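Notes follow once the structure below has been shown.
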């Protein structure tokens, strides 16, 4: 998708501009056109110079690897046959082109579908709970309440701490034998819960941690949205005798819809690709039960031995396809609801 | 988290009954406590002797042993150095090129602008899983594995698209009159940008700087894949070595985690107000 545009936006639009001008003025002479192009370049060169570094960085680090990733996914590249240097010996690549074999193998195997199922549950669960909590807390914070800025800052704190640090903190709390959570439960007479050792509890645990990490962003975004709703609407509704729930449904929810749709899309994509929480908390275990697509693709090429670059690349391409599909469908659904986006 | 579900939210807008007020405060307090507890517990644990890492008590024997151990006997300072090189490099370069790009798309209507903006948006949804293998192989063939430069380049692509959007939002708030008066006084477009507009967009620079800082400071996947060997790790990779399948040194882990978290939290504290403005101006309205 992005392949086409990353490396050549300037060229594409130089053409477009030439075309547009020809169309407007109705002149088709070649020399005049190059002259105009040159003038356009003279006129726009500083704008291009300003964006050039970004275009180069994106082209080199995203465009090129993307193309190569797609190519690798069509080969049988692994640790043993890629180009590499051992000591002073430089070994050339010996992997072969295998067409769609990798994809056939992945899609024909239940591992992919299992991981996909859990990834969907994980994403929907995290985004749903995070959104509900974030909106609730933002509504509460948006009222005249004493100590409001204290609450607000307190709740945003998790956002300011690097995610991997927070995950370690949670890992400590979740510790089965000695963790604080189980000790508290023990004090209440409840048996220890194998938070990270049991497939079901591990799933609950990773979702809980990710929600904890994601709520602050949601609160901030939703607070911004709530503050954009004019107070008169609420007053008018109250005059008309609307109850709190009616006001929430008919004013608040429509009022935050614009921001929510963007935020939900963003957090869906982020959660779908959320690597550190699962990798650091459970390493995908126990027995692959918490492994999402992204962590599995990572495991194929960086943890398993021998490293299977081709299959991992194919997983990556499939993930990208899924995300693109989701984005397209989501945007279409929004547009049908009349959302200009 | 469980506590927050039970909140009876809506009271009346003007005056609310004592019960509703109690519910509101109870809910907000519970949420704040849940938010603050894990990092606080990390802090508390880091002051306990190793043998008591898991005691439920607050600190009995206050000790700084964990800190001295981490700093003196482990690779922690090396990791910190590696992280700092990567983070400072990424932040300086990232903020600069995000600013020029943001300025260009805020002020100029130039051919290639629309596709560029589109690409900036799309790259934000790129899964690292697609890029990591080819990037790894490319870095390997360029000899950039275990080199901070490799990570810097990689992180730029993660941070810059989003930052360019945020900077555009900030530049949009700087009146165009300022550019025009600069041009009238004979400044070039670059001069106008550098001398007049950039200083006015300082909060924006702070926010993008913060965002880039955090991105680079907290990234795990690339850091784990590209950096191997204890002396080459960054903090994200290094902390994993304290608690792995061969053993758990929670004392060192917590002390190291606190040292890692504090600078980030402090920077965040300064930036958060602007961050909110930046997010709403740039990202969510895009």
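Placed from the backbone N, Cα and C atoms, the Cβ positions cover glycine too.
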Range among A:259-281, A:282-304 that TrEMBL annotates as transmembrane segment: A:259-281
Residues flagged as transmembrane segment in TrEMBL, choosing from A:181-203, A:204-226: A:204-226
Residue numbers, six or more beyond the limits of the transmembrane segment (A:309-330), whose CB comes under 8 Å of its CB atoms: 1, 69-70, 72-79, 82, 95, 98, 102-103, 105-106, 112, 116, 265, 268-269, 272-273, 293-294, 296-298, 300-301
